[in-house]
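*Asks:* Please see the structure below; I have some questions.
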Amino acid sequence: MSDNEEDYDIARSLTVNLEDSDSDSGSDFSDEEQEVQDIISSEDEAEEQPKKKQKTAKPAKEAFPSLELSGDEDEQDDDKDMASYFAANNPQAKKAKAGSFQSFGLSKLVLTNIAKKGYRQPTPIQRKTIPLIMANRDVVGMARTGSGKTAAFTLPVIEKLKGHSARVGIRAIILSPSRELALQTYKQVKEFSKGSDLRAIVLTGGDSLEDQFSSMVSNPDIVIATPGRFLHLQVEMQLDLKTVEYIVFDEADHLFEQGFAEQLNELLAVLPPQRQSLLFSATLPRSLVDFAKAGLSNPVLVRLDADSKISDQLQMAFFTTKKNEREANLLYVLQEVIKMPLGTAEQIKKLRLMDKRVNDEAEEEELENESGSKRKYKFKKERLPSANVLPSPHSTIVFVPTKHHVEYITTLLRDAGYLVSYIYGTLDQHARKNQLYQFRLGMTTVLVVTDVAARGIDIPVLANVVNYTLPGSSKIFIHRVGRTARAGNKGWAYSIVNEKELPYLLDLELFLGKKILLTAMQEQKCQLLKDKQGDNYVEPKVQYTDRLVLGSCPRLSLETFEELYENLLRNHYELSVIKEVAAKGEKLYYRTRKAASTESVKRAKEIMDTGTWDDQHLLFGPNLEKEKEKFLAKLANRHVKETVFEFNKKGNDRDEDSLVSFMHRRRKQLAPIQRRASERRDLLQREREAGLTHGIEDEILKAHGETGYSASGINDVDEEELQNAFEDADQLSSKSNKKNYRDDRFFISHYAPASVIQDQQLNITSSFANEAASATFDLDNDDKIGNGKQVMQWDRKKGKYINSQSTDKKFIIGESGAKIPATYRSGKFDEWKKKRNMQPAKVGSLETEGESKQRFKHKRNAAPKLPDKYRDDYHKQKKKVEKAVESGRDVKGYHKPGQRSEIKSTEDIRKARLLKEKKMAKNARPSRKRK
């Protein structure tokens, strides 16, 4: 490895960018496939032609313009272009500073709420998308997790809706893939619309249908929902969505991967055609491009951070592990690397007390649902810290593959003394909120989750992310580590990798464009620099943001944590039982995991053959045990090696033994093969040091569009393909197309295009419509992998085999012609209406005067009880009684002095006479005694 490897890569990348720009300017455009349409560009043309006039927009049906942000140095020019472009639509923007919230033409109410949230300047995605949404354009927004996509669509929607409409009907729908993300979006909508009379509700699975019926009848303006529950209510209540003005698909790629394709298609069929559609996602597979063309009208594509898939402030470290040492590595990372403090007795006691209170509240809620009464007292919760404050200095998320691993790792860490919360897909909603609340409050420092937490859980700032296992997809890895290093903050991502996961790490290397750095490579580079520079040598720093640094934890320290883990496993029977269950779930998980690429598997074998892939990690400094390891390596590589057949055989015994002679002949046969393999390894090592190695990963450094370290960005659709799909009207009118020597219709490269590998990694499923429901990236089914393998089962009642996977469910035909389970229209809403004797207003009609968004919880105005002199609250209760009497209520048994009249009423006199007659009749009986 040469000492100027880093500079060489930079020079190559610059050359690639120059070649890209030349090829882009001379690329061919097909008039038969696409139509000309406007584009808003954020390139350096603003500096060269500052007085260039804006061109009018030209409509197109199948393409949408591209809006990119190339870097921070171009943001000021982009802001000027955007401000001038939308000056006609936003008169207030002329006086405001370009690129600020005021320049978007937002109302004073919205700007005040933005200031209360602490936001001063919009993020790049907000700066680009908000003016477009305000201009009534359909937008496809694309930026990484944590870049402010939620506020990018909530602010303009609130601004355009302004206030509550007296006409009945939903005006805006926001669809989210998970309950957590829906609740997070609802929270932001309420905060940004504070002070207005806009009505917003949230509809998620797991909540009461009757409460959601009440919310829908209250005529909301904005509905934030998960697709499954919203479609359920739409079919059950037979909702008319003709008043919908805005539809937002948040985390759109995840909506399809999670199996919501049928629900989305059904909802699109009932939406009005004149709606404004917004689609936001962290990634944009080619399938979503097709969906955007079909479901959106003349959309604009906004792409940010096209050259970086993860935050440039994120530092990553990858720790190698042996087969049974993954738990010990996790304990070592938490204790020695992150410096995670153990929980004190007071903290553990406080945490248990809160769990007990929450359980009591859950039981009370169940009793309320059964009896209909309201509880008298609710425990007061502490206020959460602000969005830009860490819950704790060591707050860490640990990602595990399945639900069983969540239970196993949670039990292990709690036994080790850590304060742990946990979340998985099928966890009860009440328990999920409590666990997240404890972590947000800082009462727990570790949150163990499955991939369901990679999106949607509202944790604004996080210190560390730990991958207990490396995910099988580079896309999942991006969304995992996207939880930290947000909003300009630094963060660490630690991953534990075994030899079976090494090919996936090499896939990640190609996907991110960041090379793997081994300890031996760094030491060799330092030695070359030391020999070259002499006394002026300064050891280069390891860039954990630019390289994937791979190595192992210190062996001596790791053995200590291995002993700790063995002791915990021995002393806790429950932990050993959960471990067995997690091991079975892990087998099913690996069985359904997507296979790594063939090239990465080959490279992984080459790296493991070198024997240096599990050297001590550079994060822990020099290895003090290296001399000992070198000595052991010499013993392992000794020339005279004896097998068990030859051991302790000497002299004539050695010559006469048939097994000894057999091993001698075997060595002669293998000697040429071993010699050739050794020569090949030495040759590869010398070529690698001299920089002569030429593989697929090196081809990309000099040719555009080949496999290897690509700089095409987070989307799997490369730049050349996007330019062919979505034409640029300015380039067509101002530049003449140059002819290319190759015809794309017939040219076949001898290397696979870079888009093929990235398409495989971004598109977790091969088919958009048919295979979305059975996607391997199914975050909610983290405990159901591999279920339902047996198809035919014996039915004792029917006396024959039946299909166990078939059900007797009945279906109804939806608006789009697709079949929907008949349970969606079960008649519960009709029963609810009949019980309350009400009829919902017709969509489009005006609200009646009695309608209100408020729900009256208390209708009775009962008088207080009489005060008891022997109770502590006697005086307090006495004041309540006196106040009730003054207000005109009758308190039974209480009579104020002078309040009662001495004159009896006719009714009292009549009752007294009857009572007297009864007494006389009773007392006037003849005596039973004898006279």
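Just so you know, glycine gets a Cβ as well, placed from its N, Cα and C.
What Swiss-Prot lists as ATP binding site is ALA143, ARG144, THR145, GLY146, SER147, GLY148, LYS149, THR150. Annotation source Swiss-Prot lists compositional bias 'Acidic residues' at 19-47. Sequence annotations record features per position, and here Swiss-Prot assigns compositional bias 'Basic and acidic residues' to 866-875, 882-910. Annotated domain 'Helicase ATP-binding' per Swiss-Prot: 130-302, in sequence order. Per Swiss-Prot, region 'Disordered' is recorded for 1-78, 836-910. What Swiss-Prot lists as motif 'Q motif' is 99-127. For 250-253, the entry in Swiss-Prot reads motif 'DEAD box'.
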*Asks:* Is the compositional bias 'Basic and acidic residues' (866-875) packed against any residues at least 6 beyond its ends, judged by a Cβ distance under 8 Å, and which are they?
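*Replies:* Distant contacts of the compositional bias 'Basic and acidic residues' (866-875): 881, 891-894.
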*Asks:* Short question: which residues 6 or more past the ends of the compositional bias 'Basic and acidic residues' (882-910) have a Cβ under 8 Å from it?
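*Replies:* That would be 861, 863-864, 866.
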*Asks:* Return the residues near GLY148 (ATP binding site), defined as same-chain residues 6+ apart in sequence whose C-beta is under 8 angstroms from its C-beta, sorted by sequence, else 'none'.
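*Replies:* Sequence-distant Cβ neighbours: PRO122, THR123, ILE125, GLN126.
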*Asks:* DSSP on the motif 'Q motif' (99-127): how many residues come out helix, how many strand, how many coil?
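*Replies:* Taking the motif 'Q motif' (99-127) as a whole: 18 helix, 0 strand, 11 coil.
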*Asks:* Taking the Cβ of THR150 (ATP binding site) as the reference point, list residues of the same chain whose Cβ is under 8 angstroms away and which are at least six residues distant in sequence.
*Replies:* GLN184, THR185, GLN188, ASP250
*Asks:* Once near-sequence residues are set aside, which residues in the chain of LYS149 (ATP binding site), 6 or more away, have Cβ atoms under 8 Å from its Cβ?
*Replies:* ILE125, GLY141, ALA143, ASP250, PHE280, ALA282
*Asks:* Can you count the other CB atoms that lie within 10 A of the CB of SER147 (ATP binding site)?
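*Replies:* Excluding its own Cβ, the number within 10 Å is 22.
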*Asks:* List the helix, strand and coil residue totals of the motif 'DEAD box' (250-253) as derived from DSSP.
*Replies:* 2 helix, 1 strand, 1 coil
*Asks:* Mean pLDDT over the motif 'Q motif' (99-127): what is the value?
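*Replies:* Within the motif 'Q motif' (99-127), the model's average pLDDT equals 86.
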*Asks:* Over the span of the compositional bias 'Basic and acidic residues' (882-910), count residues by DSSP class, listing helix, strand and coil in order.
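*Replies:* Result for the compositional bias 'Basic and acidic residues' (882-910), in helix, strand, coil order: 10 helix, 0 strand, 19 coil.
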